[in-house]
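One structure is given below, encoded as structure tokens.
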Amino acid sequence: MMTIPVSSIAKTWQHYRGTLSCSPKARAILSMALASAIHFAGYEYARTGTLTLVTSERTGFSNSSVVPFALGFVSPISLLLLWLYARMLDYSGPNIALRNCHLAYALILCLGGLFLQAIDPVLLPLNMYHQCSRFFLFALFVLENGFVQLLFTQHWAFMSSIQTREQAAIWFAPIAGIGSIASTAAAFTVAPLTDYMGLPALLILAGISIGASAFFAMDAYHLAEQHGFEPSPKENEKKTIAKNDGKNLFQRAIALFQRVPLLGALCFEVIFSQAQSSLLNSLFVLKLKDSIPEDDERARYTGNCYACINGFSGVLQFLVLPFLARRLNNRQLWLVMPTIMTVCAVFISLQHAGSIHSVSGSFLLMKAMEYSVRGVTTEMVYVNLDYESRFLGKEIIGVFVNRVGKSLVAIGLSLVTVYFGSQSGLQYLSLALVAVAAGWLLVTYRLTTFLEDSPSKEKQQYRSAPAATSKSKKE
């Protein structure tokens with residue numbers, strides 16, 4: 001029964017793709033943009049479902065400190081996922097690696113939703129039910145946070161590989177905006193879907209969405225392979241990659257960051273920005289748990305909050321960011337976000353951890369700018385870099401380094417809330433917000449001074465080898 005709808009969808013998409021009057025490269029970018037958008041729509045369902053279930057007294061943990069504690073496990077899991085991805089990248093290429101990651105994530109979500117639907121507290125002893133559901137939700141929450149960045153960075157690695165810097169400056173913001181529209185639409189449907197199907201069904205729906213995302217991602221790679229622009233290392237880059245044969249992932253990362261120091265500067269910015277994001281996220285969860293104890297009502301508030309985040313992010317991507325890009329240089333754009341979040345952190349600390357509205361408002365600003373301003377400026381950095389930087393270095397920063405800041409802060413948050421209690425812990429966290437925001441502003445300023453000098457160096461580093469080759473041929 002499932003063969004007919006799937007084949008019909010495939011034929012419809014093939015017909016639609018063939019009617020587009022744009023170039024094969026533009027159609028490939030459109031397919032990958034749709035894959036990224038559907039992925040984020042599925043992530044909205046997965047994020048709301050797991051976050052609500054894991055903080056539920058019926059299925060999860062009554063203590064809200066479990067969320068930062070669980071985030072502390074994301075880094076080692078992300079490192080394992082990154083190691084598996086690196087092996088797939090070496091042996092099978094980026095297209096097979098992306099396909100396998102998609103299918104694994106979709107399978108985990110679907111099985112998770114089915115498992116939670118199947119276990120029944122009436123048939124099982126209450127203690128056994130709680131132990132099973134808590135263990136499974138904890139693991140699902142950790143895996144979800146590891147997989148989402150792994151897939152997202154692969155989508156953008158493909159798009160940054162087949163576009164020039166000038167094309168990226170025009171199209172990256174609208175492409176990111178497509179993802180915001182899909183996420184907003186999905187977030188607004190969370191409440192009615194929860195009422196109709198229940199929270200575990202959101203996970204199944206998320207798995208189906210990730211599977212659909214894989215279809216469009218593979219279509220983009222098929223177009224690239226068919227028309228000869230599939231991302232692959234150049235001849236001079238192959239020699240550099242060959243030197244790393246036999247090295248482990250850590251050794252390869254060290255060699256890559258020494259060869260491309262821009263990635264090292266970006267690492268510190270990522271750690272501080274994600275630490276700030278983790279602090280705000282934990283404050284938001286703790287405030288939400290204290291203010292709205294009812295599970296379904298909390299799920300609605302969370303869904304509506306993320307809908308506003310994605311909607312505001314879309315406004316930034318389609319309207320504000322193109323306007324700012326014409327009036328501010330890249331260095332100034334990088335400084336916008338940490339400056340605004342430093343002001344928000346000071347405001348929350350002066351209110352002694354603030355109210356649910358001030359915390360959720362700051363969280364909204366942080367996530368919206370993270371999805372739009374920071375997302376686009378970060379992707380622009382990778383356009384001029386080489387294959388290994390885009391596909392391996394990007395994953396190291398996006399998957400592992402991205403989670404290091406979150407995990408370190410998350411472990412500290414868990415200890416603070418357990419030791420000082422919910423209300424006293426919130427006051428200490430609001431002070432930590434100010435300290436991390438100030439550090440973020442400093443490392444971002446250092447990155448921008450590096451970026452000011454880096455374009456010519458990058459061009460010299462990655463384009464001098466072919467130039468020298470052509471010169472030697474002439475001689």
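Heads up, the Cβ atoms here are built off N, Cα and C, so glycines get one too.
Record features (TrEMBL):
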REGION    454-475  region 'Disordered'
TRANSMEM  66-85  transmembrane segment
TRANSMEM  97-116  transmembrane segment
TRANSMEM  136-158  transmembrane segment
TRANSMEM  170-191  transmembrane segment
TRANSMEM  197-217  transmembrane segment
TRANSMEM  331-350  transmembrane segment
TRANSMEM  400-420  transmembrane segment
TRANSMEM  426-447  transmembrane segment
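The recorded stretches the transmembrane segment (136-158) and the transmembrane segment (66-85) share 3+ CB pairs below 8 A when only pairs 6 or more apart in sequence are counted, and are therefore in contact. Sequence-distant contacts of the transmembrane segment (331-350) (same chain, six or more residues past either end, CB-CB distance under 8 Å): 273, 276, 283, 324-325, 358-359, 361-362, 365-366, 369-370, 373-374, 377, 430-431, 433-434, 436-438, 440-441, 444-445, 447-449, 451-452.
Long-range neighbours of the transmembrane segment (197-217) within the same chain, counting only residues 6 or more positions beyond its ends whose Cβ lies under 8 Å from a Cβ of the stretch, are 9-10, 13, 31-32, 34-36, 38-39, 41-46, 48-50, 52-53, 98-99, 102-103, 105-114, 116-117, 140, 151, 154-155, 158, 186, 190, 295, 299.
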